[in-house]
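Annotated features in Swiss-Prot:
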SIGNAL    1-30  signal peptide
REGION    179-469  region 'Catalytic domain'
DOMAIN    180-452  domain 'GH84'
BINDING   Gly187, Lys218, Asp297, Tyr335, Trp394, Trp395, Asn396, Asp401, Asn429  protein binding site
ACT_SITE  Asp298  active site, proton donor
COILED    515-543  coiled coil
COILED    573-597  coiled coil
DOMAIN    916-1001  domain 'Fibronectin type-III'
Amino acid sequence: MKRKMLKRLLTSAFACMFIANGLITTTVRAVGPKTGEENQVLVPNLNPTPENLEVVGDGFKITSSINLVGEEEADENAVNALREFLTANNIEINSENDPNSTTLIIGEVDDDIPELDEALNGTTAENLKEEGYALVSNDGKIAIEGKDGDGTFYGVQTFKQLVKESNIPEVNITDYPTVSARGIVEGFYGTPWTHQDRLDQIKFYGENKLNTYIYAPKDDPYHREKWREPYPESEMQRMQELINASAENKVDFVFGISPGIDIRFDGDAGEEDFNHLITKAESLYDMGVRSFAIYWDDIQDKSAAKHAQVLNRFNEEFVKAKGDVKPLITVPTEYDTGAMVSNGQPRAYTRIFAETVDPSIEVMWTGPGVVTNEIPLSDAQLISGIYNRNMAVWWNYPVTDYFKGKLALGPMHGLDKGLNQYVDFFTVNPMEHAELSKISIHTAADYSWNMDNYDYDKAWNRAIDMLYGDLAEDMKVFANHSTRMDNKTWAKSGREDAPELRAKMDELWNKLSSKEDASALIEELYGEFARMEEACNNLKANLPEVALEECSRQLDELITLAQGDKASLDMIVAQLNEDTEAYESAKEIAQNKLNTALSSFAVISEKVAQSFIQEALSFDLTLINPRTVKITASSEETSGENAPASFASDGDMNTFWHSKWSSPAHEGPHHLTLELDNVYEINKVKYAPRQDSKNGRITGYKVSVSLDGENFTEVKTGTLEDNAAIKFIEFDSVDAKYVRLDVTDSVSDQANGRGKFATAAEVNVHGKLKENAEVTGSVSLEALEEVQVGENLEVGVGIDELVNAEAFAYDFTLNYDENAFEYVEAISDDGVFVNAKKIEDGKVRVLVSSLTGEPLPAKEVLAKVVLRAEAKAEGSNLSVTNSSVGDGEGLVHEIAGTEKTVNIIEGTSPEIVVNPVRDFKASEINKKNVTVTWTEPETTEGLEGYILYKDGKKVAEIGKDETSYTFKKLNRHTIYNFKIAAKYSNGEVSSKESLTLRTAR
């Protein structure tokens, strides 16, 4: 189409567009009557995100009455939704055309409405997928064209979201769904939704372009236990209201029935039960239902062939016979990959069912597990291949029937954005809390409509902004702590709770363990905890009653935890100030708040706000930083689950070490050995049991210590209580570099399993660095024994061994014969920073420090000093002197140096002929990047690499083995000049080859 409005946008002095917080700001004009007054209006957040949206003008204000064209031809439900919106916004419809009024034209592709084609100005929904639409607002006119009636209805929903206080930006939208069926399966166990909940939900689905509502409540007896019986008259009236509301909102009302609990398959009884199915379906069909589902989930019977045969017969005798019924939907008895597949092959039930069930029937599946973290593309490909069709997803989030104390308030998360290759039907199972389920459902609408552009974080923020208005920021604080569902056994799903806050907490513990200044971070956390309490109190005071009823207990829980978190910070500050009285007072408050939280039905922020209190209660400034401890075990489980020994000293209570239980199992004796980074005076070992299971919990122990890792001395034996609480094993102070915990007894969740296994979430040591412990170490020096005159010699400097100190910096002086060598440069090794300076002829001082803030490793080469051989010499001496190490306490320790001899011999260097590169060209050009390629120069003797230039400026030097390079972060549709030159070892650079081109539009 012609982009005359885009041209105007680019050339007008008044046009201004920028992106901020997901909103597009444009300068807007009032239309019809021109007043010359300009206002700012926002192209607001739209849900779902449109496939294509272009701002094509300045925008305008809709007049108080409009001309409506096409209402007689357009989809009735779309027109009704439009009229309802106009009435709610006090916009009247003119009885006769008024040229000074805004004009809105509405219709479908196959309607004969000339005004619609004119207003669309070449944009059309004709070539879009089903349910697609085009929307153009321009020059005081608004045009909405649907590919079909559903598309027109969805165009109206987008129009409703665009209009704010009668202002509408000038936009050009073409939009269509990624997935054909998008919606909800009301399939949770527990308190069913009320009738009003369902009506409200159905309207919400239509507004967010969700087109499927599967009615399958587990607690509706006529869906499951009484599936043979017809609904009573009172229930039929209720069902009719739901069916009608669904039709009005372009939602397929899918009636689900679960006969598997006691259906009979064979003989007269089987025929009777099949007829019950038909009769039940007929009654719903007569009420307007055109979509049906027969479920075999959560039953004991695994008669795969019979299940499929019932479906096939129903499909032939009812679905296809009717002619206007959508494809039948089913859930097999095995409905997750773990149940369906073994060693990459389908299990017997799944194989038989897949081979038998008719290809036209939609088969639902929940992903790798019943409730799971993700659906990777490989998993969808596997199941789609087994069933030889696109699958239908029943995603068990935000459902909470397996963990009722917690609310699932997060976005769709862990779903591959290419899932539509194998899935064309996507539904989510909501919570029994209908109102709060809308947050996740809102993001599900975005994911399933525009999968490729889905961003879970943006979708989540947008959902809360659109649903909660002035309370949105408070709701984000609350919901951020309630996104992760984890019942600590078989079910885990959703984005982690408050990940940014958890990272700050972890940073605090690291700083405290490393004796770093944490005052700024502590103040920041005080602010976070105060904001949590404030947000929850605001929500309690201002949330609508229907939402507050669903979350009041969790709001109280987060308030309690926030207060406990603040008390936990008070404990830490008191420890730092050595104020015992303040510490004990804060500890009592923190413990009481934790006890209150743990005794509550409500659950929230278990690994963040709750865990922080637990961590603070067990924190001790004498704790030796777990991340500096090397830990080994008698055995570790890394096959059956990820539970290595290192997890027992990672500072994370949610990971754990487990002795090897997969075949061949290691059934004892069990022990853990901790190697400390220095010699410490220790007096306490902390044992934190695994939190999610008692299996392997240590109840008997022996603690031994050693200075050399070979000769151990026992310091304490005893027993521990059989519970999940953190335990401390205290003893008289003793010097130790190694600590071993031997397991003398442990519990099991298996009969006769006592002592077989051992586990630990954390095993930590408390103590203080041994005063006056001698720090020793030795320097390493690496270099070739022979070098030719004129060549460079790389001299590697590092540390062979360091004892009783953590190194954060090294200081070396490299000595060389100034008559034989000339200093060239110093080169950093990975993860370190090197600063080198020639302090006098024959001496280079080399400073090495950590780039990451972590201790430097003991490595033979930490830095390389490059010397150029200038004259022949036999046995020229290289030495490292004045060597020292800076530790984590800011102390400096001297360490022993070393030396080495090198022979410098005469050499005959081959003649170097400098030539330019050949065949310099662009192999790929797009909007932001250009990739160039070339052939090496005709002569390569002495070739060291290549220098690349952009618009006359050097941008990169690369090695001689490279023959391509990508210039990145370019501007679109812009002319650039690229050049390349070859660099040789004699210091010469070839002539430059040049390339001029324009990036893509």
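From the backbone N, Cα and C atoms, a Cβ is placed for every residue, glycine too.
Where Swiss-Prot records a feature, it is marked here on the structure.
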residue : record                    : Cβ within 10 Å
Gly187  : protein binding site      : 27
Asp297  : protein binding site      : 19
Asp298  : active site, proton donor : 16
Trp394  : protein binding site      : 26
Asn396  : protein binding site      : 26
Asn429  : protein binding site      : 22
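Among the binding-site residues listed (Gly187, Trp394, Asn396, Asn429), Gly187 has its Cα nearest to the Cα of Asp298 (active site, proton donor).
Once the Cα atoms of Gly187, Lys218, Asp297, Tyr335, Trp394, Trp395, Asn396, Asp401, Asn429, the listed binders of protein, are compared pairwise, the greatest separation found is 18 Å.
In the three-state DSSP classification, Asn396 (protein binding site) falls within coil.
Summarised by DSSP class, the composition of the domain 'Fibronectin type-III' (916-1001) is 0 helix, 50 strand, 36 coil. A mean pLDDT of 91 is what the model gives for the domain 'Fibronectin type-III' (916-1001).
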